[in-house]
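Colleague: Could you have a look at this structure, given as structure tokens, before my questions?
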Amino acid sequence: MKEDDDALQASIKMLERTSKGVECSELEAITFQGIQAVELRTGFLRCYFVIPIHAADQDGNWHAGAIATLIDGLGALTVNSFTGKSKASVDLTISLYYSAKIQEEVEIEAKVVGSRGKLTSVLVEVKRKGNGELIALGKNWMTSKL
């Protein structure tokens, strides 16, 4: 149980630091800027995120690459809270259903849905905060870094 608590606390600190641009890559700092964790427990994360202007595509929508980066990063953080180990993506599938505009607030929920040996699967849903409309869905298999 102590290991679970340690992994969870490490994940909470990692999300806090990354959202402030501390001890992370420039890409992570830009992607996670301003994200707010609402609930984080072992194998589960819920957060709110106001889409920043620097994440816009040419039409003023949330750029697909920025969505993918956020899904991958939050998936990894959620898996870390479950396993206590850093993971690398080996299979990432993202479906984009609707666009979201800059300054729109979204709710993101990530949950570990399976684990087998060194592989862990996480599902990440991005929804409009107001009506729950699904914007994007990410499915990610991750493995322990070698």
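Here the Cβ of each residue, glycine as well, is placed from N, Cα and C on the backbone.
So TrEMBL has the following annotated:
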type: DOMAIN; residues: 60-133; note: domain 'Thioesterase'
Colleague: Averaged over the domain 'Thioesterase' (60-133), what pLDDT does the prediction give?
Modeller: 93
Colleague: With DSSP, how much of the domain 'Thioesterase' (60-133) is helix, how much strand and how much coil, in residues?
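Modeller: Grouping H, G, I as helix and E, B as strand yields 20 helix, 35 strand, 19 coil.
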